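Chemist: Below, the features straight out of Swiss-Prot:
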- ALA349, LYS350, THR351, GLY352, SER353, GLY354, LYS355, THR356: ATP binding site (BINDING)
- 29-82: compositional bias 'Low complexity' (COMPBIAS)
- 105-117: compositional bias 'Polar residues' (COMPBIAS)
- 119-137: compositional bias 'Low complexity' (COMPBIAS)
- 217-236: compositional bias 'Acidic residues' (COMPBIAS)
- 696-723: compositional bias 'Gly residues' (COMPBIAS)
- 753-764: compositional bias 'Low complexity' (COMPBIAS)
- 771-978: compositional bias 'Low complexity' (COMPBIAS)
- 336-511: domain 'Helicase ATP-binding' (DOMAIN)
- 1-149: region 'Disordered' (REGION)
- 165-192: region 'Disordered' (REGION)
- 206-252: region 'Disordered' (REGION)
- 688-986: region 'Disordered' (REGION)
- 305-333: motif 'Q motif' (MOTIF)
- 459-462: motif 'DEAD box' (MOTIF)
Amino acid sequence: MSKRVSAFGAEGDDEPQEKPMKPFISFSSNINNNNNSNNNNNNNNNNNNNNNNNNNKNNIGTGINLNIKNNNNINNNNNKSGFPVKKSRFNGEDDDDDYFFSNVPPKSSMTTLNKSPPNFENASSNNNNNNNNNNQESDSKNQNEDEDDEIDPLDAFMENVNAQAAIDNSKSIEKGQQQQQSLKSKRDDIDNEDDEEIFYKLRQKQLANKSSKQQQDDDVDYSSLDDDDGYFDDEESLKNGQSKGKRIIEPLPPIDHSKEEYIEFNKIFYEEHPDIANLTEEQVFEIRKNLDIRMTGTDLINPVTSFGHYGFDDILLQAIAKQSIETPTPIQKQAIPIALSGRDLIAIAKTGSGKTATFIWPSISHIMDQPYLEKGDGPIALFLAPTRELAHQIYLETLKYSKYFKLKTTVLYGGVSKQQQCKELKAGCEIIVATPGRLIDMIKLKATKLNRVSYLVLDEADKMFDFGFGPQVLSIVNHVRPDRQTLLFSATFKPNVEEFARTILSDPIKISIGMIGSANSDITQIVQVLKSDSDKWNWLTNQLALLLSQGSVLIFVSTKVAVEQLSSNLTKFGFQTCTLHGDKNQIERSQTIQTFKEGKINILIATDVAARGLDIPLIKNVVNYDTSRDIESHTHRIGRTGRAGNTGVAYTLITPKDIHFSVDLIKNLESASQFVPPELIDVAMNNPHFKRERGGGGGGSNRGRGRGGGGVGYRRNSRGGGVAFNSNRDSSRSDSQNKFIPAQSVEGGRLFNPNNTDNSEINNENEKSINNENKFSNNNSGSSNDRNSINYRNNSFNNNSNNTNNSGNSNFNNSNSNNGYSNNNYNNNYKNNSNYNNSNNNNNSYYNNNNSNNNNNSNYNNSSNNNNNNNNNYRNGNNNNNYNNNNYYNNNNSNNNSSNNNNSNNNSSNNNFNNNFNNNNNNNDNSNFNRALPFNDFNNNNNNSNNNNFNYNNNFNNSYNANNSNHYKNNNNSNNFNQRSQYNRR
């Protein structure tokens with residue numbers, strides 16, 4: 001049944017009709033009548049009979065509901081109008097008629113209608129008649145009167161209705177348009193006054209006020225720089241019309257692990273190699289000491305010395321070889337066995353030491369042992385990083401190895417479309433690298449979950465807590481299954497952060513490589529003390545061309561304004577630069593880094609936003625145009641060069657105003673055996689505390705008074721004189737409690753070499769047969785004492801040291817001539833070792849003798865004239881020092897000559913070593929000896945023949961000539977170790 005359409009729109013229409021329909025008149029059968037009992041021709045279905053009333057209500061179908069009362073008495077016996085009464089125009093659609101006519105507004109009287117002439121244009125006929133009541137007796141018949149042709153009230157009413165309908169229609173259309181406009185403006189108002197947006201704006205304003213009090217345009221505050229997804233995404237900021245500001249990240253709600261179902265997994269994949277298992281405690285101790293490793297914890301695991309000891313799959317070993325990695329770094333030698341053993345770990349190592357690969361390689365073994373992901377599962381390995389740059393760097397490093405095992409890896413950080421990241425997560429991935437805030441967003445959006453995570457890594461964990469991500473990180477960790485494996489890595493680790501980290505770890509092993517927060521010894525630090533800031537510009541413009549000839553240059557400044565200003569000045573000076581700071585969005589940052597990495601532009605000027613996570617091998621020089629806020633940031637700045645065993649140079653420009661930073665910088669230089677310019681010490685002397693520690697009086701007491709030469713150091717002892725550094729600390733104490741034990745330096749000496757002094761102490765413990773003079777001369781390879789070692793490396797800065805250094809070489813030659821051997825301590829020890837034929841004693845002798853050298857591993861390289869490893873030789877003062885030909889150290893020629901004469905008197909140290917080695921190998925099981933050597937990677941086979949030993953020494957002298965494939969394969973063949981087969985995932 002179709003519905004009628006009214007002039008104003010039928011029920012259910014969305015919009016009113018613009019034109020009214022033509023009115024019609026219908027005598028519907030659905031009429032409510034109040035009739036007399038004498039009504040004979042009333043066919044209505046709904047009749048209400050009243051004995052006292054004789055009123056007939058007429059229904060008029062006009063397209064509008066009407067209810068008109070007629071006060072006249074109407075006799076319905078005869079209808080003379082000519083229109084049918086019982087049959088409606090719509091064939092008796094009573095329900096529709098009743099619906100439309102039920103809401104007709106009542107009219108008081110027909111006399112109130114307009115008396116104007118009727119308009120019959122839209123009327124089908126005139127169906128209203130005025131009847132007269134004859135008031136006759138009750139038994140007489142009712143008679144109908146003729147129509148009143150003068151004025152028809154119905155016509156007048158219809159005309160008024162049509163006019164009113166047109167007016168109402170126009171008003172309705174106008175009102176609809178106003179409502180639409182009102183709704184549109186109202187939605188805009190809601191968007192502008194969104195509660196969440198108001199909260200964010202208020203919070204942003206509060207943070208801005210707080211930040212303005214603490215810092216004026218200082219980029220060093222990471223919480224305002226890194227946009228590390230604790231911030232609005234760029235797309236969200238533009239959408240809401242907001243400037244970039246810190247966003248409040250609510251931690252994840254707690255989770256009840258007892259209600260979760262977790263699959264079983266294995267996290268122990270390490271089987272100790274026989275060569276490592278056979279090492280004695282003394283040998284393990286010496287290996288750790290040589291690698292400068294300190295460990296605390298229970299059930300400590302021995303370090304390895306080669307890749308073959310890990311038990312990695314051949315595919316992973318080949319992937320490592322393709323990266324031109326020849327030997328593990330110190331942290332990799334100790335931390336990877338711990339990670340493969342399923343233990344929780346706290347690892348502290350200097351920047352550029354290979355921390356990233358340390359947790360990536362074990363993660364692949366961990367993942368490949370587990371079942372495949374099912375639909376809806378989250379990742380198996382989760383790597384958290386504080387900044388987007390570091391997260392992206394870890395992601396790229398992970399791809400280098402995961403692609404060979406078809407493991408899907410995804411990175412999550414702010415500034416990237418959430419929609420795309422959700423799509424990648426829902427497709428499934430085994431490894432996620434993420435910043436805490438964006439990961440929380442993805443979990444709340446149900447794009448991923450942490451039900452499968454069993455391998456959790458927090459890189460730069462201390463900075464995550466420093467940035468205020470502690471609650472967020474803790475909530476993420478609490479969403480991971482309790483029996484997970486957790487590893488924390490950082491270049492620095494403050495005691496309060498360490499205490500917090502231990503709450504999320506289970507029986508961890510803590511290892512630290514070198515001094516906590518120390519600089520990388522592969523990086524040469526050169527400090528330039530200038531009179532004023534204006535001198536910095538002159539120095540930079542004079543040196544920049546030379547620095548660019550060596551490779552790309554990274555320049556650090558302290559503020560965003562300074563970045564743009566320095567870039568503009570260098571551009572005017574003819575240099576092409578690119579910039580990186582906190583105001584750059586993610587797209588601009590990525591483009592800048594990519595341009596710099598490809599070498600299209602060789603100068604990058606940046607704030608500390610680039611101090612972490614930027615790994616570009618082309619960077620050969622770092623210039624600290626402005627000093628960093630603290631020494632930790634300085635360590636990360638200079639760590640952008642000299643990465644993964646490569647060498648680099650870092651220049652730091654100091655002015656007299658940098659008093660407090662100079663104090664920390666001196667300690668940093670000393671910890672890495674770097675030269676400390678006297679001018680830098682003069683600046684630091686303006687610090688009262690530093691002056692009390694190292695000031696001029698020398699020292700009979702802790703107050704710096706008494707006789708003896710004034711010196712610099714960490715503490716003074718009761719013997720007076722200068723002081724030296726001793727890093728042999730009790731590992732049972734915390735790092736904050738460890739103190740530096742001074743040692744006596746030469747009379748009047750002001751500088752010292754911490755590493756050499758430390759080695760001399762080791763020699764006192766392990767080699768009583770060699771006097772102190774010999775120990776110093778052997779360690780320094782051409783110096784008679786500690787002071788001369790520093791002068792040998794840096795006498796271009798202090799000409800007065802040359803004479804002393806030459807005298808040191810003279811003493812060195814006399815010492816060696818008495819012994820009849822060259823400058824290799826192990827030659828003397830092999831000569832004097834009566835128990836050489838005993839393999840166990842031989843191992844002990846090897847390590848004890850090796851301690852007398854400045855750097856055990858580099859001694860092998862330095863002893864080899866074929867290595868030409870100039871950078872390492874420079875570190876250890878070898879005769880083949882590349883820097884001897886440089887202007888920096890051109891005064892060392894006399895030292896080298898004396899060393900060369902010494903070598904000629906001894907008929908070549910290497911040949912002496914080989915002869916002694918072969919002569920003492922009669923009837924000896926040399927396989928045990930070779931297993932103890934850290935370079936047994938290069939042994940082809942372990943035989944008992946003297947010929948093989950001679951070949952070993954040849955390989956030893958030319959160790960780096962072996963290619964990578966032989967490096968790994970030969971090691972596996974020599975040990976006959978049962979390697980695990982290819983990974984078979986369940």
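Using N, Cα and C of the backbone, Cβ positions are placed for all residues, glycine too.
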Chemist: Once the chains shown are all counted, how many other Cβ atoms turn up within 10 Å of the Cβ of LYS355 (ATP binding site)?
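Modeler: Around the Cβ of LYS355 (ATP binding site), 26 other Cβ atoms lie within 10 Å.
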Chemist: If you count Cβ atoms within 10 Å of each one, which of the binding-site residues SER353, THR356 comes out on top?
Modeler: SER353
Chemist: Relative to the Cβ position of ALA349 (ATP binding site), how many further Cβ atoms are located within 10 Å?
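Modeler: Here the count is 26.
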Chemist: May I ask you to report the DSSP-based helix, strand or coil state of ALA349 (ATP binding site)?
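Modeler: Looking at the DSSP assignment, ALA349 (ATP binding site) belongs to neither helix nor strand, so coil.
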Chemist: Need one number: mean pLDDT over the motif 'Q motif' (305-333).
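Modeler: The average pLDDT of the model in the motif 'Q motif' (305-333) works out to 93.
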Chemist: Checking distant contacts: for the motif 'DEAD box' (459-462), what same-chain residues at least six beyond its ends satisfy Cβ-Cβ under 8 A?
Modeler: 355-356, 359, 383-387, 390, 394, 488-494, 497, 501, 612
Chemist: For each of GLY352, GLY354, count the other CB atoms within 10 A of its CB; which of these binding-site residues has the top count?
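Modeler: Compared across GLY352, GLY354, the most Cβ atoms within 10 Å surround GLY352.
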Chemist: DSSP on the motif 'DEAD box' (459-462): how many residues come out helix, how many strand, how many coil?
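Modeler: The composition, in the requested order, is 2 helix, 1 strand, 1 coil.
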Chemist: May I have the DSSP-based helix, strand and coil counts for the residues of the motif 'Q motif' (305-333)?
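Modeler: Output for the motif 'Q motif' (305-333) reads 16 helix, 0 strand, 13 coil.
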Chemist: Can you tell me the three-state DSSP label for GLY354 (ATP binding site)?
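Modeler: DSSP call for GLY354 (ATP binding site): coil, neither helix nor strand.
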